Amino acid sequence: MKLAVLASILGVSAAFAPASQGAMSKATALQAEKSPAMPFLPYPENCKGYIGEETGFDPLGFSNYFPMDYLREAELKHCRIAMLAIVGFITTDVGVVLHPLGKGLSSVAAHDVLVDQKVMGNALIWIVLAEIVSYIGVSEMLQGSGRAPGDFNFGTKYLEGKTEAQINKLKYQELKNGRLAMMAFSGAVTQAVLYDKGFPYF
């Protein structure tokens with residue numbers, strides 16, 4: 001009887017005891033800000049302050065391991081290259097060819113021909129030189145020069161007279177169009193190789 005009374009008293013007192021540290025930690029984690037793009041993941045805090053932060057998309061957590069300025073610089077570079085690449089890829093396949101060796105060839109078929117003719121090798125040299133020059137600005141940015149990621153002082157006159165909100169909107173548009181171009185180029189190349197057909201690649 002005494003044991004039963006003692007057990008009931010302990011049970012009641014446990015009900016009013018403060019939550020354990022483990023339980024509090026779990027509750028705090030559940031209440032943490034979530035990524036709008038992927039609600040089952042926490043919001044990537046290091047993305048705050050950058051254009052496009054509202055989506056909170058960083059599923060692999062790269063922003064936890066690399067400087068955000070470096071990541072944004074790389075993303076913008078890939079965006080811009082992809083936008084040029086998808087236009088060039090489609091333009092070639094509809095018959096607009098600038099290099100005489102590529103006449104009558106699709107974008108996919110022209111690759112091997114231009115490699116054999118050393119044209120691609122020459123292009124690679126110019127790409128390497130461009131990368132070396134651009135890295136100077138990136139290196140200075142990472143050392144705190146104040147340079148904005150992707151800013152090569154190109155087209156700045158177009159931004160003159162615009163408000164900060166208008167400029168940020170244009171930057172966001174570039175980012176979204178670039179992300180779309182990266183996916184579009186990947187899809188176009190994949191379909192062009194799989195189906196061996198010209199534009200629209202199916």
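Even glycines carry a Cβ here, placed using N, Cα and C.
The following features are taken from TrEMBL:
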type: SIGNAL; residues: 1-15; note: signal peptide
type: BINDING; residues: SER63, GLU75, HIS78, LEU114, GLU174, ASN177, ARG179, GLN191; note: chlorophyll a 1 binding site
type: BINDING; residues: ARG80; note: chlorophyll b binding site
type: BINDING; residues: GLU140; note: chlorophyll a 3 binding site
The residue listed as 'chlorophyll b binding site' to GLU174 (chlorophyll a 1 binding site) - Cα separation in whole Å: 8
Residue from SER63, ASN177, ARG179, GLN191 whose C-alpha is spatially nearest that of GLU140 (chlorophyll a 3 binding site), among the binding-site residues: SER63
Listed in sequence order, residues with CB under 8 A of SER63 (chlorophyll a 1 binding site) and six or more positions away: PRO44, ASN46, CYS47, LEU71
Cβ-Cβ distance under 8 Å to GLN191 (chlorophyll a 1 binding site), same chain, at least six residues away: LYS197, TYR201, PHE202
Listed in sequence order, residues with CB under 8 A of ARG179 (chlorophyll a 1 binding site) and six or more positions away: CYS79
Longest CA-CA distance among SER63, GLU75, HIS78, LEU114, GLU174, ASN177, ARG179, GLN191, per record bound to chlorophyll a 1, angstrom: 38
